[in-house]
Amino acid sequence: MQHKSKMAGADGDDSLYPIAVLIDELRNEDVQLRLNSIKKLSTIALALGVERTRTELLPFLTDTIYDEDEVLLALAEQLGNFTMLVGGPEYVHCLLPPLESLATVEETVVRDKAVESLRKISQEHSPVDLEVHFEPLVKRLASGDWFTSRTSACGLFSVCYPRVSSTVKAEIRQHFRTLCSDDTPMVRRAAASKLGEFAKVLELDYVKSDIISLFTALASDEQDSVRLLAVEACVSIATLLPQEDLETLVMPTLRQAAEDKSWRVRYMVADKFSELQKAVGPEITKNDLVPAFQNLLKDCEAEVRAAAANKVKEFCENLPEDSRETIIMTHILPCVKELVSDTNQHVKSALASVIMGLSTILGKDNTVEHLLPLFLAQLKDECPEVRLNIISNLDCVNEVIGIRQLSQSLLPAIVELAEDAKWRVRLAIIEYMPLLAGQLGVEFFDEKLNTLCMAWLIDHVYAIREAATCNLMKLVEKFGAEWAQNTIVPKVLGMANDPNYLHRMTTLFCINALSEVCGQDITTKQMLPVVLKMSNDQVANVRFNVAKSLQKIGPVLDSNALQTEVKPVLEKLDTDTDMDVKYFAQEAISGKYTTLSIFFLYEVASLGPRSKWPILYVSERSTMCPAECVSQCER
Amino acid sequence: MSSAATTPPSVDKVDGFSRKSVRKAKQKRSQSSSQFRSQGKPIELTPLPLLKDVPAPEQPELFLKKLQQCCTVFDFMDTLSDLKMKEYKRSTLNELVDYVTVSRGYLTEQAYPEVVKMVSYNIFRTLPPTDSNEFDPEEDEPTLEASWPHLQLVYEFFIRFLESQEFQPSIAKKYIDQKFVLQLLELFDSEDPRERDYLKTVLHRIYGKFLGLRAFIRKQINNIFLRFVYETEHFNGVAELLEILGSIINGFALPLKAEHKQFLVKVLIPLHTVRSLSLFHAQLAYCIVQFLEKDPALTEPVIRGLLKFWPKTCSQKEVMYLGELEEILDVIEPTQFVKIQEPLFKQISRCVSSPHFQVAERALYYWNNEYIMSLIEENSSVVLPIMFASLYRISKEHWNPAIVALVYNVLKAFMEMNSTLFDELTATYKSDRQREKKKEKEREELWKKLEDLELKRSLRRDGIIPT
């Protein structure tokens, strides 16, 4: 420690940076400049050295906390990492006063950040400091006048509780209890949201005696926004309690929440269902949660049904093995069947995103008999999102019954999505193509889907064309270069002669994407000539994309081709009449040089790991990304 | 008809809660209702005789019976169920509305709990979900309450009841209590503007008649606003609540209690930060001005608050702020003006030079306001130096000719006001700019030095440069 402070004293040339100048910076009239200064607060502290940071900077910060919330947010964040700058853990309590003020401001994000920082530095307090400095702060916040400080206090109990004496522990419990029945709902919400966390650090006896009564009270609060937070706490509390206590201590409240009159609370139960299920164990699940889940799946609010539908797979998966199949078949599946024809598309699409997962749980026969009709129905759903969700999860079914069972229905669904009027839908289906191709196999793909993939290349929306090129790359990764050479490359290169310049550019984009996966041979022999020829295109956009492509495929080419074929063309483009073409030609040329120079430096100077490179060289790396540098070195 | 009534409404068909986008596609004016009901049995009410058809002594008894019948709540999302009974309830409610308006001596003590119960059963409910991400109150049609045909009459009845000459708050306060008010306030989040309008009247009457509830109501409105500002940014009834508050503030006794001042500074001012400010800005500005008219000493904290939350990226909001500020300046006392003129005109100077012409224009309009002009004139030695640089610069640079013309007028006004100072400022304009630039450069150098120091240190720490 001593060493550290000596160091700061020795090289922080104090006379150069009078605190007044630095404080002037923090006070600048321009908010943006003030914000910048605050973000560099650590630099200022470093310049001042630990002692003056403690005695001058921190008091200043504590006194002048009236600023834009954005500045305060940055300050709250900075202070969480300030321990070393004030002289290490033995001085960390100096940071408490400014953070305490920040924890009382109105703006939630600032307050939350201050609490986060306080939680962080609480760990750096010794047990003694925690009782002398930290815990009194928590107490002050907990009994603050305005709700903001009480709200902040809620997040601090659990970090100090485990490390203080039993008398202080009793006080902390008392404070928490008080806040749980605070008369502002904001504070009750804060307390409710920290209830689970606090329960975890309490001794089991106190969980039973204190926490349960608080939990029950919060779960029947008059405001639904408080009640729903108790549901979250329910998970932690149930996990902590021994099985035999759950029925009496937790279940009455949970049952009540699942049937709450507010849909928000029921939604929360549905949303946390898997966690609840794990927390209460298999017996209670069988007796209580199964009927509750059925009710949620049939809830009158679509929001609740959708949340429950999302959990169908996970719930079934986690059912006790001995009765899993019976429960699913007799209790869950009938509800699921109804949801397939729900009136609300969000419910259907939530279901579609998980329903396929049931097949692994139920096995082949049940899947074919019961689930397959549902899959097929959803594949024909009027809402594209539902169909997409089914298609995107085909892998689960593939493992159980093989995708062939579905392929007859699959194809029309895919084709329809591929031609959907909404480009986002088309985009989504493109993203699943590689997955589908992998499962359906190369023959099926060539026969049915290849044309679709090529058609996307001339879609009138750029995002689709872009995704289509990326898709081709992934397909080649799956099916290999030879397949590419026979099926894709000729068609792509053919587009180079298309009268529409957008399509000609697509050829270039495809080449950019494909050159690496296709390898040097195909790139040099088939693609490069086409690219070079396009450098004479009459549309400037095409020409500068030639320059970009050459830069991009450069690493795949051998040095001979680079020297004899690429270089002359780039030099020619460098003299183009169009400004942009020139620019990108120069980029391509200089980009290569940089590659080489970095390569050189890396080898010769052996500077060690990249992070340690002197700033000068790193900043001159220009456009090269690290991955490219490395591949250069390997070659 | 009867067959429709006997078929139990299937629970799954009762779906009025689908998301906006879906609903929109199907029907233009969407409706929603949220009555959590698990039973789907048809409802049967035994028709009762009309109140006017029975002798006066029997009327109170019958009145109670009718109130009890009206506690039955129907499902309006299912347009086919219980048609006959819905119509029966509607006509009964209508009858009750008329009855409380014209009759005398009907309000027995037993009637109070029954009225409150009937109203509670009908109006208190969990509001249906709205897709707050998608829903834009300015653009989208609100979702209307499906059960409005009954609900409207219940509200109408309740208001007549509260306004009736026989109404005695001392009896009613047993039933219209804090819990009742709390639930009433939650309903202000209703998306249906018709309902919020009725609620406004109801709450206003309750506030007026139940002195014991006033502090509680104010506190709960506080909580709603704070939650709205700092937690959800979503609450439909802000404008209505502010409207009620406007009249409440009007009635505050002087000197203002600390509680009220805190409400102004910690709740009303932060309300300006909310994204949907335009929906309730008029009401909010009204409340603020009411406060300042009560106690001019509050001007400084209010203006400082507005300056603190001044919008940085939203020009529309900036224009609203400028409008509100002008309203405040209209009533400001000269002594208060002196206290805040510096920060205030620094902000106005920034607005005047805003590249968004509506902002610049709105700020420049201040110079058309005679009272503001007189204040500026009195304090021209302070205001002019603050404003001068911006005005001088945009008189040469602003892209919009209308703004340039307005700026010329302002400069001219300043010149007439204080020509010596004006000439001085013109003369030193260049050197001032140079001084600023120099200062800027010094700042940069300072930071550079600091960064070098940090860099050196981190290199040393990593052992790259030997110590």
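Heads up, the Cβ atoms here are built off N, Cα and C, so glycines get one too.
Database features, via TrEMBL:
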| type | residues | note |
| --- | --- | --- |
| DOMAIN | A:95-276 | domain 'Phosphatase 2A Regulatory Subunit A helical' |
| REPEAT | A:18-56 | repeat 'HEAT' |
| REPEAT | A:95-133 | repeat 'HEAT' |
| REPEAT | A:172-210 | repeat 'HEAT' |
| REPEAT | A:211-249 | repeat 'HEAT' |
| REPEAT | A:250-288 | repeat 'HEAT' |
| REPEAT | A:289-326 | repeat 'HEAT' |
| REPEAT | A:332-370 | repeat 'HEAT' |
| REPEAT | A:371-409 | repeat 'HEAT' |
| REPEAT | A:410-448 | repeat 'HEAT' |
| REPEAT | A:488-526 | repeat 'HEAT' |
| REPEAT | A:527-565 | repeat 'HEAT' |
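Note on the repeat 'HEAT' (A:18-56): DSSP counts are 33 helix, 0 strand, 6 coil. Contact between the repeat 'HEAT' (A:289-326) and the repeat 'HEAT' (A:211-249) does not hold: fewer than three of their C-beta pairs are under 8 Å, each pair 6 or more apart in sequence. The list of residues near the repeat 'HEAT' (A:371-409) in space but at least 6 beyond its ends in sequence, with Cβ under 8 angstroms from a Cβ of it, reads 336-337, 340-341, 345, 348-349, 351-360, 362-364, 416-417, 420, 422, 425, 428-429, 432, 435-436, 439-440, 444.
The DSSP breakdown of the repeat 'HEAT' (A:332-370), given as helix, strand and coil counts, is 35 helix, 0 strand, 4 coil.
Within its own chain, the repeat 'HEAT' (A:527-565) has Cβ neighbours under 8 Å at 489, 493, 496, 501, 504-505, 507-509, 511-512, 514-516, 518-520, 572-573, 576, 578, 580-581, 583-585, 587-588, 591-592, 628, 631-632, 635, counting only residues six or more beyond its boundaries. For the repeat 'HEAT' (A:250-288), the DSSP-based tally of helix, strand and coil residues reads 33 helix, 0 strand, 6 coil.
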